[in-house]
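According to Swiss-Prot, the protein carries these features:
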- 1-107: region 'Interaction with RCCD1' (REGION)
- 148-169: region 'Disordered' (REGION)
- GLU236, GLN273, SER316: protein binding site (BINDING)
- 269-414: domain 'JmjC' (DOMAIN)
- TYR270, SER316, HIS319, ASN325, LYS334, HIS398, TRP412: 2-oxoglutarate binding site (BINDING)
- HIS319, ASP321, HIS398: Fe cation binding site (BINDING)
Amino acid sequence: MSEDTTEPLVGSSTLWKELRTLLPDKEEELKLDLGEKVDRSVAALLRQAVGLFYAGHWQGCLQASEAVLDYSWEKLNTGPWRDVDKEWRRVYSFGCLLKALCLCQAPQKATTVVEALRVCDMGLLMGAAILEDILLKVVAVLQTHQLPGKQPARGPHQDQPATKKAKCDASPAPDVMLERMVPRLRCPPLQYFKQHFLVPGRPVILEGVADHWPCMKKWSLQYIQEIAGCRTVPVEVGSRYTDEDWSQTLMTVDEFIQKFILSEAKDVGYLAQHQLFDQIPELKRDISIPDYCCLGNGEEEEITINAWFGPQGTISPLHQDPQQNFLVQVLGRKYIRLYSPQESEAVYPHETHILHNTSQVDVENPDLEKFPKFTEAPFLSCILSPGDTLFIPAKYWHYVRSLDLSFSVSFWWS
């Protein structure tokens, strides 16, 4: 039998059958619907890859899809991300889809499913939705056919569960009793919250809002590894995003945990501001959108949900966001400082456009000769603990430092 007609993975014929049912039966039923901004040569190459797939020429399809990925990758990495045309992101997703499917038709390797998952994650991270979110459906099938993984690793302190392993190089929690604390309320009525906090733009910690969320009982380092360990995610490397040596990289959740949480890494790694729950619906089922978001003007699907996962010592410099924000703490604690938008002059925003929403001041070690007004600016502070939901009004300056291994979920809404 020729290489192009390789049988499905040995012992995994059901995998191929399940994957194949996700696509239309006939080639002409698979609509690419590419826009005019996609080069004709690339569009033709993608159509050729689709034709090879439906003809059963897996190796040829694999080569064509990789060429499509090479072309579209260049387009995705030319200029600012906001300027990348969505059509090129769709082309990239189609390339990832075809490559992942072809990999599952190749001769069996122990890493086949893991590699196909990585390819799908690249499409989810860098591409755009195609064929009614087919990449998410492919991932769901692949995950059911994964071989049982290794037990989540323990850290250097083998006598402690991994969830209790934490780096010791971060400074201790400030004594917030000496500072002006953020007020706390337990599940206030919607209209009370609106009248006293949302409309006037006042921060508040809401207790009890997330008590019923499954994540509050289920999530641990081991659980996150079991659900998401093999998934590829973006990781920030460096103490804070304003530092010159700050960078971003892609790695699996398992690699992130091993390198930055269970090991004494030289650098700080942070899975920050990532829409993890769109990528991994299994985790999304463990959380809920706070009822208070219904007081906004937007629709529920317009709410941006981000994950913030990292070791002790991660820092988000003092900055402001344009939308209302609920920050829910699931694991660990965070020290947070808040400054009113009225104090913008005293927090010395960067003058460059790209960092205009970020302060130049190192909040816990300020250079008062360079930034003399900062010491006079009033602020609120708090220690956010598991189950707490902090309301951060739009444009409110906030600084965040994790005191423990930490997982937070933010909801940005209008």
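Numbering starts at 1 and runs along the chain as it is shown here.
Each residue, glycine too, has its Cβ placed from N, Cα and C.
These figures come from a predicted structure and were not determined experimentally.
Across the region 'Interaction with RCCD1' (1-107), the model assigns an average pLDDT of 87.
Using TRP412 (2-oxoglutarate binding site) as the reference Cα, a 10 A cut-off selects ASP321 from the binding-site residues GLU236, GLN273, SER316, ASP321. Look at the binding-site residues GLU236, ASP321 and count other Cβ atoms within 10 Å of each Cβ; ASP321 has the fewest.
Rounded to a whole number, the C-alpha distance linking LYS334 (2-oxoglutarate binding site) with SER316 (protein binding site) is 11 angstrom. Each of the binding-site residues GLN273, SER316 was assessed for Cβ neighbours inside 10 Å, and the highest tally belongs to SER316. Closest to ASN325 (2-oxoglutarate binding site) by Cα-Cα distance, out of the binding-site residues GLU236, GLN273, SER316, is GLN273. Packing around HIS319 (2-oxoglutarate binding site) is summarised by its Cβ count: 19 other Cβ atoms lie within 10 angstroms of its Cβ, all protein chains included. Taken through DSSP, the domain 'JmjC' (269-414) splits into 31 helix, 58 strand, 57 coil. Of all the binding-site residues in the list GLU236, SER316, ASP321, the shortest Cα-Cα distance to TYR270 (2-oxoglutarate binding site) is found for GLU236. Figure note: comparing Cβ neighbours within 10 Å for the binding-site residues TYR270, ASN325, LYS334, HIS398, TRP412, the maximum is reached by TYR270. Looking at ASP321 (Fe cation binding site) and GLN273 (protein binding site), their Cα atoms lie 12 Å from each other.
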